[in-house]
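S.K.: Got these off Swiss-Prot a minute ago, pasting:
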- GLN96, ASP98, GLU104, ASN119, ASP120: Ca(2+) binding site (BINDING)
- CYS3-CYS14: disulfide bond (DISULFID)
- CYS31-CYS131: disulfide bond (DISULFID)
- CYS38-CYS133: disulfide bond (DISULFID)
- CYS106-CYS123: disulfide bond (DISULFID)
- 10-132: domain 'C-type lectin' (DOMAIN)
Amino acid sequence: NNCPHDWLPMNGLCYKIFDELKAWEDAERFCRKYKPGCHLASFHTYGESLEIAEYISDYHKGQAEVWIGLWDKKKDFSWEWTDRSCTDYLTWDKNQPDVYQNKEFCVELVSLTGYRLWNDQVCESKNAFLCQCKF
């Protein structure tokens, strides 16, 4: 694996939690600037989401929720990944997504679920975030 030592290697990609609190779009911009081809993280299997949850539980300092790369760009309940990968796996927390007050269009990992389940959230909320890169 070619991942730097504090990144999680998985399926040919590398993942890292950043504890700095940012709004969703700023977090995506940060990941993209980190290295070409980087994005907020995407997930495609239950196994991946468990491994990520374990990694975040081990390395995340603080209690903040964690942004991932899923968003409802068109605001029409069509969730998509910023890396344009296939939206083939969704693991929402119960009663989510609810697009509460028609304002929640970005997706976070919920700390109370051990970072295993997802919630839609107001994109301007400040969260920690998970970048995914190829090195």
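Using N, Cα and C of the backbone, Cβ positions are placed for all residues, glycine too.
Surface or core, plus neighbours and distances: that's what I need for these features.
M.R.: With a 10 A radius on its CB, ASP120 (Ca(2+) binding site) counts 23 other CB atoms from all the protein chains.
Taking a C-beta cut-off of under 8 Å and a sequence gap of six or more, CYS3 (disulfide bond) has these contacts in its own chain: PRO9, CYS14, PHE135.
Sequence-distant neighbours of CYS31 (disulfide bond) (same chain, 6+ apart, CB under 8 A from its CB) are CYS38, HIS39, LEU40, PHE129, CYS131, GLN132, CYS133.
Summarising the environment of CYS38 (disulfide bond), the number of other Cβ atoms within 10 Å of its Cβ, over all protein chains shown, is 22. CYS38 (disulfide bond) falls within neither a helix nor a strand when secondary structure is assigned with DSSP, and so counts as coil.
Every protein chain shown contributes to the tally, and the Cβ of CYS123 (disulfide bond) ends up with 19 other Cβ atoms within 10 Å.
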S.K.: Including all protein chains shown, what's the count of other C-beta atoms within 10 A of the C-beta of CYS133 (disulfide bond)?
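M.R.: A 10 Å sphere around the Cβ of CYS133 (disulfide bond) contains 20 other Cβ atoms.
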S.K.: Whole-number Å only: compute the distance from the Cα of ASP98 (Ca(2+) binding site) to the Cα of CYS123 (disulfide bond).
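M.R.: ASP98 (Ca(2+) binding site) and CYS123 (disulfide bond) have their Cα atoms 14 Å apart.
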S.K.: Between GLN96 (Ca(2+) binding site) and CYS106 (disulfide bond), how many Å separate their Cα atoms?
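M.R.: Distance (Cα to Cα, whole Å): 12 Å.
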S.K.: Comparing the binding-site residues ASP98, GLU104, which residue's C-beta has the most other C-beta atoms within 10 angstroms in this structure?
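M.R.: Result of the Cβ crowding comparison: GLU104.
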